[in-house]
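In what follows, a single structure is set out as structure tokens and then discussed.
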Amino acid sequence: MAVTSTKTALGLTAGAMRSALSQGAVLALVLAGVYLLFDNTQENLALRGIESGFAFLEQEAGLPIGDSLIDYDPTRSYGYAFLVGVLNTLFVSVLAIIGATVLGVIVGVSRVSRNWLLAKVAAIYVETLRNLPLLLTLFFVYSVVIAALPHPRDAIGLIDGVYLSKRGFYLPRPQAGPGFAVFAIGTAVALMLGIVFWRWAARHKIRTGRSVPGFRGGLAIFVGLAGFAFLLGGSPVSGELPVYSGFNFKGGMVMRPEFTSLLIGLVLYTAAYIGENVRSGIQSVDAGQIEAANALGVSSAVVTRKVLLPQALRVTIPATTNDYASLVKNSSLAVAIGYPDMVSIGGTIIGQNGQAVEIIAMWMAVYLTINLVISVGMNYLNARVQHAQR
Amino acid sequence: MTDEAIVFKPTPPRPAPSARIGLLAWLRANLFGGWKDTIITLFLLGMLAAVVPRLFDWLVLDATFTGDAGSCRLNDGACWPFVVDKFNVLMMGVYPQDLAWRPAIAAVALIVLAGLTYTNRLRGFAVIAAWSVLPVFALIMIGGAFGMQDVDQSLWGGLMLSVLLALVGVIVSIPLGVILALGRFYGTPVVKSLCVAFIELLRGVPLITILFMASVMMPLFLPPEVVINNLLRIQIGLILFSAAYMAEVVRGGLQAIPPGQTEASLALGVSRTRTIAFVVVPQALRHVLPPLVGRCIALFKDTSLVIIVGLLDFLGMVKNAALDADWLGFQAEAYIFAAFVYWSICYGLSLYGRELERRGPSAHTA
């Protein structure tokens, strides 16, 4: 087939010209659409008397917030209230990611266990949680499980200072004493020295071939020095215990039912997914490799650490990145049980002043940023476990 | 010398030693393989012994099966008359009772079609055609047309609404997802970046914010004279959200098609558009049928979030029923029933997904 390429005035081929024109047309169409939407929005906002822009962030919020990591009272601004929500979202997400990872690894490993009963229990757990909406799990935990706990009067005391009741979980509040700075600095130094020793041990082994217990040694250095710093500072950390008085506990730290339900729900739900990632990772490693390593007399702990894990992670990490991102997004279900995350607080603000456009833009900006951070972090981890590209 | 053929006669294998067969050996291998296994097994058995009998007592032995709230309060167990009493509301919301036969017919049509698809009686184009017609039929039956009495959308609710939202969502979002995936895979730079931006923006935020946007902001975007009811707005939000995820699944399928297929088709003189439509896309979809079923399950579960923007779907009705003053204190029953229904539907779909995976991409040539 002969291709005729007549040059146009601009020196482009007809094909390139057509492509540029059609792309320009698409872009123009989309821009026109966006402008139309923008124009409509302006008109609608004017009709409803809603002032657009982010000036409202400075105004007094006047809304009460149940859980806050930073000092908050209703005289603070909308912007500050939203920040409280963002911190709450991050707080519950980080705790849930840790919990879901631990439980997920246990579940995944259990599913491939040779212990028949353990494997079956894990399988039933995964199949149940994965086939129910997260919101149902949340409602169940919130209004059935936690509501079944006793009134604070008859709270279940696990150990001194830790109580379970339907009003929340009470824990001692850690308090810093006068020598806390010594302890904090000591811990930081101990951590650094521990890591230095660990890395030195690894280099030493490569150089000389002699094995030094690097991780255990580093851990011992960290724990030992941090403990020493703790004593040196005069045991500067004490717990303020919750005490029952009147109709509820006073003092101490409380995990309210809303927070606890959200945390439990997110952990249980996400762990089922992470468990499956872990399982598929483990199953992706050829059984022959494990057998070969065993036949060479390598101890099973070393086989797990040096043969199974590095290869299993190649399969597990990318899938788990998605699950972490979903977990953060799913924390927005907080609004359904009344934990004040950023969606819940933002929703209240929309209800008060109608500035939906701005709040939704802020939600999107924060979630997209969090997702970006997760994917950058996990990609770094992922790059370390993938096959080296030659 | 006589030629005597030497015949090799293998000695029959000896039976396995008794320590390796039978119940005891199975127990030793699978439950008590070592001291660690033994501890785990005993621990789990202890937990099960503590939980299962009490659960069984509550669910069945001590439960009330007939009567009213008063007779339930006499027993310690579960109160199943509560679920029976609320059954209609849970299934259809506040839909007029005398017209309940209409959604029921739509439900039967759905079940029959699902059965035909599951057993692979319908193939190829017929499947697509039947599933495309079904939501139209369901909407006509439920909403009323052709002389049937109109039922306002504010009266739709319960499981019927959940299934309807998911069904329409899936059927519209798959073709939309295919278009987005094609734009991302084959599009010119401008089209490609628009598709990427749309997909990543919708996948990057929680569904709740999209539902908020659909419910609260969509009226702001539209000219003042255009009014779309809340249900349709939320359905549009669900479709756009689902399409972004479907697009990524379809992209996986597109990547699995060897370039040689396209090149061969182009070399035969088939146009680019036709090559994509009739060579690439059908194969790509066959590759990703199992994950597409996974997305359907996810969307069905996600429809439960519409409570937050004020629709009373199945979970919303369950939550409402649990707050009924006549039946106060039976939340556990309500949620367990809801879990049973959601689980059955989702698990059924996931079995179908696994079945498709087992059949493999090549088994679906009509």
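Any Cβ shown, glycine's included, is placed from N, Cα and C.
Where the annotation comes from TrEMBL, it is an automatic prediction and has not been curated.
As recorded in TrEMBL, the features of this protein are as follows:
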- B:38-56: transmembrane segment (TRANSMEM)
- B:99-118: transmembrane segment (TRANSMEM)
- B:125-147: transmembrane segment (TRANSMEM)
- B:159-353: domain 'ABC transmembrane type-1' (DOMAIN)
- B:159-182: transmembrane segment (TRANSMEM)
- B:194-221: transmembrane segment (TRANSMEM)
- B:227-247: transmembrane segment (TRANSMEM)
- B:334-352: transmembrane segment (TRANSMEM)
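Listed as Cβ neighbours of the transmembrane segment (B:159-182) (distance under 8 Å, sequence separation of 6 or more from its ends, same chain) are residues 90-93, 95, 103, 107, 110, 131-132, 134-135, 138-139, 142, 195, 198-199, 234-235, 238-240, 242-251, 254, 276, 281, 285, 292, 295-296, 299-300, 303-304, 306, 311-315, 317, 341. Remote same-chain partners of the transmembrane segment (B:227-247), defined as residues 6 or more beyond its termini with a Cβ less than 8 Å from a stretch Cβ, comprise 153-154, 156, 165, 168-170, 172-174, 176-178, 180-181, 184, 195, 198-199, 201-203, 207, 210-211, 213-215, 218-219, 292, 295, 298-299, 302-303, 306, 309-311.
Counting only same-chain residues 6+ beyond the ends of the transmembrane segment (B:99-118), those with a CB under 8 A from a CB of the stretch are 88, 92, 127, 130-131, 134, 137-138, 141-142, 144, 148-149, 151, 160, 163, 167, 352, 355.
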